Amino acid sequence: MDGLETALPSLTDNASLAYSEQCGQETPLENMLFACFYLLDFILAFVGNALALWLFIWDHKSGTPANVFLMHLAVADLSCVLVLPTRLVYHFSGNHWPFGEIPCRLTGFLFYLNMYASIYFLTCISADRFLAIVHPVKSLKLRRPLYAHLACAFLWIVVAVAMAPLLVSPQTVQTNHTVVCLQLYREKASHHALASLAVAFTFPFITTVTCYLLIIRSLRQGPRIEKHLKNKAVRMIAMVLAIFLICFVPYHIHRSVYVLHYRGGGTSCSAQRALALGNRITSCLTSLNGALDPVMYFFVAEKFRHALCNLLCSKRLTGPPPSFEGKTNESSLSARSEL
């Protein structure tokens, strides 16, 4: 993960950074566009995840592993959203970081902590769906809310420890009378980052894709599974994979290219500018995850959609709310954990 690749910048690094900053400097138009994007993203993600977290806590009696993972995902998204205003100020200030060293470290720490926590919670949701649909009987003892909470606590600790170097190493550099926070698009480019990327992203991404491929195979071979459960599973697969492909895959692919070529001796100024712009755009896409997850909750989770409609419409919907416990046929044993 990016925290593992952070090191103390040397004088040579600062000289290289100054040159790179001149090549990769944002234009006034780019600053305006990025600021508008982060403002809209902040509003949508904050409202969506705050509402989602409130609904998940309010509906805690459901007591399912899926709800536990979704609740922690909402916490991660909400925490990540809270650092977006610093990026707003950065772009409105013309690429200047006015907050100092400690806030820069905290911004980078919280951004990467919650981004990778979100990735792993999405992977946990995929694994839970796999167990519920493919092994509904065998997984009943394993899929308990307590175990889900323990898994989430373990993931929070592991990711926090991996990101901890961001809190203890200098992250600001002054170039041309402008203070630069290295955690805003200028992360240290190190070849050690490639191994970090493989551990932090490749493993959960492959796990998620594998789980959903096995789910699809099980759905195609399981004619007794009710049609609406099949449709719900397909929607879940499509939404989670879309979030991965839109928010995380572009960033990590570009990050690999960025690590290999940015600030390299043979990299031209125009190439550095293209890499820097790509880094900013893909970083924007990662923050979009906070706005897309509530959309996933709405289209995939019936109880979330029902509660949200009740809240917004101020009236009860006709018909009974979706039940996690109301299925009786063999194929619906996984209904206890339905979203």
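In case you wondered, yes, glycine gets a Cβ from its N, Cα and C as well.
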Per Swiss-Prot, Trp58 shares membrane side with Glu302: yes
Residue among Cys36, Cys152, Cys181 that, according to Swiss-Prot, closes a disulfide with Cys104: Cys181
Feature N-linked glycosylation site, as given in Swiss-Prot - residue among Asn14, Asn329: Asn14
Chain residues in Cβ proximity to the topological domain 'Extracellular' (86-105) (below 8 Å; excluding those fewer than six residues from its ends, i.e. six or more beyond): 25-26, 28, 31-32, 34-35, 38-39, 42, 166-172, 178-184, 287
Around the Cβ of Cys104 (disulfide bond), the count of other Cβ atoms that are within 10 Å: 23
Candidates 37-57, 65-85, 233-253, 281-301; stretch with most C-beta pairs under 8 Å toward the transmembrane segment (106-126): 65-85
Secondary structure content, the topological domain 'Extracellular' (86-105) (per DSSP, counts of residues): 12 helix, 0 strand, 8 coil
Between Cys104 (disulfide bond) and Asn176 (N-linked glycosylation site), the C-alpha gap once rounded to whole angstrom: 19
